[in-house]
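Below is one structure, written out as structure tokens; the observations come after it.
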Protein chains: 2
Amino acid sequence: MCKRALQYPQVETPPPQPFLQSLKNTLNEILFADDPFRKIRNESKMSKKIELGLRHVFPILEWARGYNLDYLKSDVISGITIASLAIPQGISYAQLANLPPILGLYSSFVPPMVYAIMGSSRDLAVGTVAVASLLTAAMLGKEVSAVENPKLYLHLAFTATFFAGLMQTCLGLLRLGFLVEILSHAAIIGFMAGAATVVCLQQLKGLLGLSHFTHSTDVVSVLRSIFSQSHMWRWESGLLGCCFLFFLLTTKYISKKRPKLFWISAMAPLVSVIFGSLFVYFLHTQFHGIQIIGELKKGINPPSITHLVFTSPYVTLALKTGIITGILALAEGIAVGRSFAMYKNYNIDGNKEMIAFGMMNIFGSFSSCYLTTGPFSRSAVNYNAGCKTAVSNVVMAVAVAVTLLFLTPLFFYTPLVVLSSIIIAAMLGSAVRSTALMLGLVDYEAAMHLWRLDKFDFFVCLSAFLGVVFGTIEIGLILSVGISVLRLLLFVGRPKIYVMGNIQNTEIYRNIEQYPQATTISGLIILHIDGPIYFANSSYLRDRIGRWIDEEEEKLRKSEENSLQYIILDLSAVGNIDTSGISMLEEVNKILGRRDLKLVIANPGAELMKKLSKSKFTETIGKDWIHLTVAEAVSACDHMLHTAKPDSPEKISRVPEFNNV
Amino acid sequence: MCKRALQYPQVETPPPQPFLQSLKNTLNEILFADDPFRKIRNESKMSKKIELGLRHVFPILEWARGYNLDYLKSDVISGITIASLAIPQGISYAQLANLPPILGLYSSFVPPMVYAIMGSSRDLAVGTVAVASLLTAAMLGKEVSAVENPKLYLHLAFTATFFAGLMQTCLGLLRLGFLVEILSHAAIIGFMAGAATVVCLQQLKGLLGLSHFTHSTDVVSVLRSIFSQSHMWRWESGLLGCCFLFFLLTTKYISKKRPKLFWISAMAPLVSVIFGSLFVYFLHTQFHGIQIIGELKKGINPPSITHLVFTSPYVTLALKTGIITGILALAEGIAVGRSFAMYKNYNIDGNKEMIAFGMMNIFGSFSSCYLTTGPFSRSAVNYNAGCKTAVSNVVMAVAVAVTLLFLTPLFFYTPLVVLSSIIIAAMLGSAVRSTALMLGLVDYEAAMHLWRLDKFDFFVCLSAFLGVVFGTIEIGLILSVGISVLRLLLFVGRPKIYVMGNIQNTEIYRNIEQYPQATTISGLIILHIDGPIYFANSSYLRDRIGRWIDEEEEKLRKSEENSLQYIILDLSAVGNIDTSGISMLEEVNKILGRRDLKLVIANPGAELMKKLSKSKFTETIGKDWIHLTVAEAVSACDHMLHTAKPDSPEKISRVPEFNNV
């Protein structure tokens, strides 16, 4: 014990904080982890504070000052490039959502403008996405038919977009962005792969020129629906589709091999649309089973604010659809924004991005747009085309507006099958792409990577995939969130607890499984708990500690060594404890006491010491038995073992076992 | 660096385990943490193995061999004592569940017998409980009226009991007992206090002699229902009730002051019933507004296996009711069994107990019983009366059977108001008692204790209480589970991350907030991450690490000290990592590299090293930069700082900030 007084200070209990102060710190840590207002707070002048605040809310004020002609040139090029992708993709995805095709164009006009003002990413290209479109169709379609009641369906889609935007804004304002993190990357990978499969399967309808089709999205229903109608298949449609698909995939392949030729794959959809339309126009093949888009109304977005439905039976449907699709859209948009920000080494504030997404969807829902976010494919094209700022989104919006004002008649003859090919081409490899995005990898067998690294992540990924493909999109989503959360709970519920041994010639103690050369010390056992002590694991830990001691005593009895006298608990990795955890420690102390064993604590952290001293546990076991390091605890025990001889081993007797197997 | 080679071994990666082996280990740890089959496995002879197996399933085989006359004497005394409590309580709780009073007696006959054979607690007294009874009434009553359709209601109660038993058995067999742990102690305390309040409020109906009453359980509806009927209040009933309540509470007080006189409060309910019945019989007061039980059928439990309802509209209702009440009953029964086992120093296997509870409810549902568990009050009386084994349950069952066969007519004149008094007396202080039970404390202001120790637990407790009292019992339950889980998720989502400093004259590094005397080292910053690195916290950790570095650099810039060159991450408390976490580390490494900072890792655990080396992260940052201790990492960095001078500080420049506020 004398050694201790010389060498080590006592384990300290941090000074108590007033409750409100500690609540404020905790909330700050949860909600304002990145301390976004640091600059504003440090500024003393009020006018400067306001200016910084405005810049914080509208990033355009930040970057517009440094904008120059070089940037503009780059942004115009990339803006026109993404517009050429946005127009055919927008029309296709609107079809996927069972909405009028023109909505895809509307949605590429207003939202990008809003994002350019409020968004903080320089590379994100705003637009609609396939999965959210399909999910909108699946969720709304369950209760309102898009064919029988198109007006109500359309209005509900606007309302769902409004709710999605509202939710996104609220999440951002309340700084609850971390809720999106509940979707683990593995879950997103599986979900996206499943969604891509489902979206592709849906395109078989267009590709085979079928007019009736199942409303379910699972692979079994879709295949059954297709093969039961094999007599209705239109070979003309299928052939045309395959040709375009081949063309699109070839351009993709070329662009992938030579990244400089990115514009080939970016332009391919528009080229397909033009050629497809010309083909139909000149050959009059619409009578041969090739369906066409038909008339698109000229003119930019009509207002739709009066169409929002807030009346009873449908408002909950719109709310549910809005929340689920909104979260999905957020998860994709923020992941995309973050990865490009990482490439170019700037920061993105997730909460600010949420507000930007939310505002763009709210304004979108007022102007005949449906759900938009930052899709990966379009943003990647934007990035490759050399965009510098969000001005590229403005350029795209202007290009789309010009199309809306003057060019819509040109789409009259566009065959639907071309749109299907565009969607399939966009989806094939989307799984790989989204995976690469999530893992920060390129060209890697993602699922195998997960399998090798972390089996549980692979399992999450697989269940999300199977849930989407064989169940519904919602089932896939719920499964992946559920399993991800379960994993966190399992971590907390079953913390690792292992025996430590001394690494020879040092004062270091480590896991004897990881360091087989580490040696244990006779007469004591050192247990390391690798996680917080909470209600969810306190009875497990109690049982497990008991079992370690039983096993150790059995071993000692066989080898006739010194009997066990001290149990050292290394709490350095125990981040927190709750009241159940404290009761557990008290219980363990009592049980050990009855078995004539002494509990010794090593290195409890700040939070732990606070609670242990408040609960008087420190007094119960004695302050002298709480040590700063394991080494110190061992030396104190060793000292006692060799001088005091506390109790003779004969006294170590247990109450006779009676009804305990 | 030379110092290292001499003194410390390398950080080791544990040998890879085949996938199936590691899966087996993990599942073992989750499901068989207490290794229940150790003894059986260690036995070599087959016949012995079977014998041990049978004893494992039927603990009666274990303790029956050592049973003797002394034990029997104690068990008979305690058995009769608890029977005298069980009979009036059983009738009262059956009333609470809107079931025929006789069911309360039936339920004290068959289930205790089953438990005596299969249960492993020596102190648990089996019987019905107030909260589960009320919950049954609330849940079934929502769809089937006990007044209009008493037969269906009764059959649904049996079916719910069957499902509860089935679920309990399955949980036990699948060793999923840990799922019950999702109910934190704080949540149970709040929930029980709320339920006690609600149960007492319900008794006002009986106490005031009202015949119409609300079906809701929340305090607002109940009080409104009572005060809207103030003209119907019966003063005779109220007066009688208050007298008995006073008597019961006085006996309780006496028993509490002098634990040896426990039998006074144990006998009081029966005494009340007898006096109440005599009073009504001789004064013929049933016409003055005092309701009586009326006729009870003679004879022991009739079979009810054919009454179970498995047909469509009602089976889901019964299933839902069974699962929720079954989980509640399990939570109470297991907590009670565990605490008494702790007093007497024997072990209880939660999963085996679940099977015992499950079997007793399944057999109960076949013989006209409803949901039973191990109520605290009755078990405490059993314990105080000196019970030795589960034989006391058998004695109680026999006493109840005798009552059923011969004494039921005696209950004809028992006034309902006496039953209400019994319930209120049992409930008052039940919150305090259940709290004491959960916290292992006696006589302590539980909520204040929670508040002092752990504000979050207090919040959980309060929400469960308010949920039950102002909402419904289910809302209280969902709230408390939800908030408890949220707490776990918050722990994982926002792990503490703090700066470490050197404690002078040692090689120890600790949190500088906890140990203000610890000093930081110029040129480097040591960050300690206090929790696992998972998808739920990886972006938080990335941001937070970035912020620590920014703040440190700003500080250094002001004080014009050495610029930052090394970031040491102490990973000793990081129990696990998933693929998102690894990507995060890779990202941090990249970002630091761009800022000309070097990432150094200290003390990664076994699980971490496995994944880091599989993902090639160890190669990315270089094996030489992974150290066994923080001290070693610091000395290596120090060495580099003073000899190599890696990069001049001028080079530490960042990409100009552009659109990042």
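Cβ atoms here come from the backbone N, Cα and C positions, even for glycine.
According to TrEMBL, the features are:
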- B:123-140: transmembrane segment (TRANSMEM)
- B:152-174: transmembrane segment (TRANSMEM)
- B:186-204: transmembrane segment (TRANSMEM)
- B:232-249: transmembrane segment (TRANSMEM)
- B:261-283: transmembrane segment (TRANSMEM)
- B:323-343: transmembrane segment (TRANSMEM)
- B:393-412: transmembrane segment (TRANSMEM)
- B:419-442: transmembrane segment (TRANSMEM)
- B:462-490: transmembrane segment (TRANSMEM)
- B:514-637: domain 'STAS' (DOMAIN)
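Within its own chain, the transmembrane segment (B:123-140) is flanked in space by residues 82, 86, 89-90, 93-94, 96-99, 104, 107-108, 111-112, 115, 146, 153, 156-157, 160, 192, 195-196, 198-199, 202, 215, 217, 317-318, 320-321, 324-325, 328-329, 332-333, 336-337, 340-341, 344, 360, 370-375, 378-379, 381-383, 387, 390, 392-393, 396, 423, 426-427, 430, 472-474, which lie at least six positions past its ends and keep a Cβ under 8 Å from the stretch. Counting only same-chain residues 6+ beyond the ends of the transmembrane segment (B:323-343), those with a CB under 8 A from a CB of the stretch are 119-124, 129, 131-132, 135-136, 139, 160, 163-165, 167-168, 171, 177, 180, 183, 188, 350, 353-354, 357, 361, 371-376, 379, 383, 437-438, 440, 474, 477. With pairs at least 6 apart in sequence, the transmembrane segment (B:152-174) and the transmembrane segment (B:462-490) have fewer than 3 Cβ pairs within the 8 Å limit; the two do not touch.
This prediction places the mean pLDDT of the domain 'STAS' (B:514-637) at 88. Taking DSSP states H, G and I as helix and E and B as strand, the domain 'STAS' (B:514-637) has 66 helix, 22 strand, 36 coil.
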